[in-house]
Amino acid sequence: MAHARVLLLALAVLATAAVAVASSSSFADSNPIRPVTDRAASTLESAVLGALGRTRHALRFARFAVRYGKSYESAAEVRRRFRIFSESLEEVRSTNRKGLPYRLGINRFSDMSWEEFQATRLGAAQTCSATLAGNHLMRDAAALPETKDWREDGIVSPVKNQAHCGSCWTFSTTGALEAAYTQATGKNISLSEQQLVDCAGGFNNFGCNGGLPSQAFEYIKYNGGIDTEESYPYKGVNGVCHYKAENAAVQVLDSVNITLNAEDELKNAVGLVRPVSVAFQVIDGFRQYKSGVYTSDHCGTTPDDVNHAVLAVGYGVENGVPYWLIKNSWGADWGDNGYFKMEMGKNMCAIATCASYPVVAA
C-alpha cells in the first residue's frame, strides 16, 4: 500500500511537471523551473522502474510518460499501460520493416487500448446521405494544379486538439469555415467547436458521440451563425447550449456536397475551391501514423464505415504515390505536425464518401 501511494504521488507530480516541460521546452538550462521538473521526472522514473523492474524498455516507457504528461492511478495500471505500450512499440517496429509508403511512431496514444481510443477519439459511424447526389459544379479541369497545399495560401487555421471527446466532426466543420472565411475576407478567425457539441443535436449530430460536417453546416445556416472560440470556448464535454447571436462571427449561406465516391470531384473542389471536410474509417494502427502516405487493405470504403471527420487541405505525389493532404484534430504533436497523407485514387478508407464544404457570407 505504501509503495502504491508513493507511485500515485509520483505520477500525479509527473502530470504537472510534464505540462510545465511541454510549455517551456525552449527554456535555457539555467531556468530555475528546470531542476524542479527534472526532479519530478526522476521521481516518476524511479517509481515506474520500481513497479516494472530496471530494464531498458521500462526506462523507455517512463520517458514516454514524462513526455506526454501521463498520470496513472496505481502500480497495476502502470503495468497494464506498459503492456499496451510494449505492444504498440512492436507494431511500430514490425510495420516500419515492411517497406510501406508510410511510417508509424510512438505517440500519446501508444499506451491506450484500441477500445479506449475508439471511445474517446472517434465518433459512431453515420450514413452520409447528403452525398448520394452531390451538388458540386466541376470547374475547369485545365486550371487544376498538379499539386495543392492551401497552407501556402495562408487560409488554413492552426491544428487543434479535440481531446477526450468524439467531436472530430466539429473540428472538421470549423476548419472548413475558418478557411472559407479567411479566403473571403483576408482575416484569420477561430470558431467555436463547443457550440456545435452543445447546440447542433437537432440536425442529427451527437456531441462527443459523433456527427457530420454536412449536418453541422446546415445547423449553422439555419441557426444564423457560429460564435468565435473566444466567446464560446472548447471544453470537450457535452453541455447545455448557450449560443449568443451577438457573438456570431460567420454565417453559412449554403453547403456543397461531393458526390459519393467521386474522387475526381473531390480533387476538383480541393484544387480549385478551398479545403473540404471529409470523413474516413480509422482502424487500429492508423493512430500511430508518423509520416508518409497512409494506405491499407483492411479499412472500409462505404459511408457506413466512416468514424472520423477531418479536413482535406491539398494533394500531391510522394515517391510515386498520389495522396490527399489532410489536417487532423489530434494536436500538432501527432503525425506530421498534426497532418497526414492518405493515398489518393482508391477511395482509401472511404475518404471520398462523405465530403462537403461551406459557402460563407463575406
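Glycine too: its Cβ is placed from the backbone N, Cα and C atoms.
Here CYS349 is paired by Swiss-Prot through a disulfide bond, and of CYS299, CYS354 its partner is CYS299. Cross-referencing CYS128, CYS165, CYS354 with Swiss-Prot gives CYS165 as the cysteine bonded to CYS208, criterion being a recorded disulfide.
In the three-state DSSP classification, ASN257 (N-linked glycosylation site) falls within a strand. Cα to Cα, ASN257 (N-linked glycosylation site) and HIS308 (active site) are separated by 17 Å. Listed recorded positions: ASN188, ASN257, ASN328; maximum Cβ neighbour count within 10 Å falls on ASN328. Within its own chain, CYS241 (disulfide bond) has GLN195, ASP198, CYS199 as residues 6 or more apart in sequence whose C-beta sits under 8 angstroms from its own. Counting only the Cα atoms, the space from ASN188 (N-linked glycosylation site) to ASN328 (active site) is about 19 angstrom.
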